[in-house]
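To start, the structure itself, in structure tokens.
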Amino acid sequence: MDTSHTCPSFKSLSNKIGGILCCTNSSNRYERLDSRLERKMVEAKNNNIQTHNTFRSMDSIILRFPRFKEGLKEIQSVFELYDEDSNGTIDNEELKKCLQKLQFECTAEEIRDLFVSCDIDGSNGIQYNEFIVLLCLIYLLAGPTSSSNATPTVGSSELKATFDTIIEAFLFLDKNGDGKLNKKDVIKAMNEDFPMEKSPTHITKTRFKEMDWNKDGKVSFREFMFSLIDWVGFDHDI
């Protein structure tokens, strides 16, 4: 699989999102949500410190793309269920009903943060590829903690296993375990662990640039998810 070039549609989307992120109100919501996601990732890293990570390189993540796509397919039926007016998007009220059905306990502010942070094109509606990311964020935020064994009801065991594998991929890239990615993390993950699968420097830089939408030198799990979904190609199917 040739991953050395940025998809034109994704490059355009990335630039658009960079502009959206400059909005102060949206930026505050992104920061609140991303801070929570960082804490969850640090917790996941600590809880799984003894667990063998199945990823060895960026190539090993890329090779999982078909399995990711297959594992996430059932989200389409969930999306259609909560898209009550069948207009191809889930609005804020439809999202509230969805989160209630999924037994995800959150405040009105948290729902709004999720909505704004996943409505990356500013359309006031969650489209299918955005909904995939939103469900994974919910799964992470509502997942078991050290003080709870509760499991979010986001779907089948296959879907949960797919989300867990995606989280594992992020943890592989997060070498220092601080819940976010920086260029040093990504370069180390791509080049140092398995020299035989070393990625050329220009590909490493391209991969990081694709993920770092707001160009702050860091990549949150939310940014990583949107990049992964675009690489896998869901937005071209619906």
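Just so you know, glycine gets a Cβ as well, placed from its N, Cα and C.
What TrEMBL records for 70-105 (among others) is domain 'EF-hand'. Here the domain 'EF-hand' (70-105) has Cβ contacts under 8 Å with residues 111-112, 114-115, 123-128, 131-132, 134-135, 138, 141-142, 152-156, 158-159, 161-162, 165, 232, 234, 238 of the same chain, all six or more residues outside its ends.
Residue counts for the domain 'EF-hand' (106-141) under DSSP, helix first, then strand, then coil, are 25 helix, 1 strand, 10 coil. What TrEMBL records for 106-141 (among others) is domain 'EF-hand'.
The annotation domain 'EF-hand' is assigned in TrEMBL to 161-196 (among others). Non-local neighbours of the domain 'EF-hand' (161-196) in the same chain are 34, 37-42, 44-46, 48, 53-58, 61, 64, 67-68, 71-72, 135-136, 139-140, 154, 203-205, 207-208, 211, 217-221, 224-225, 228; each lies 6+ residues outside the stretch with a CB under 8 Å from one of its CB atoms.
Taken from TrEMBL, the feature domain 'EF-hand' covers 199-234 (among others).
Model confidence over the domain 'EF-hand' (70-105) is summarised by a mean pLDDT of 87.
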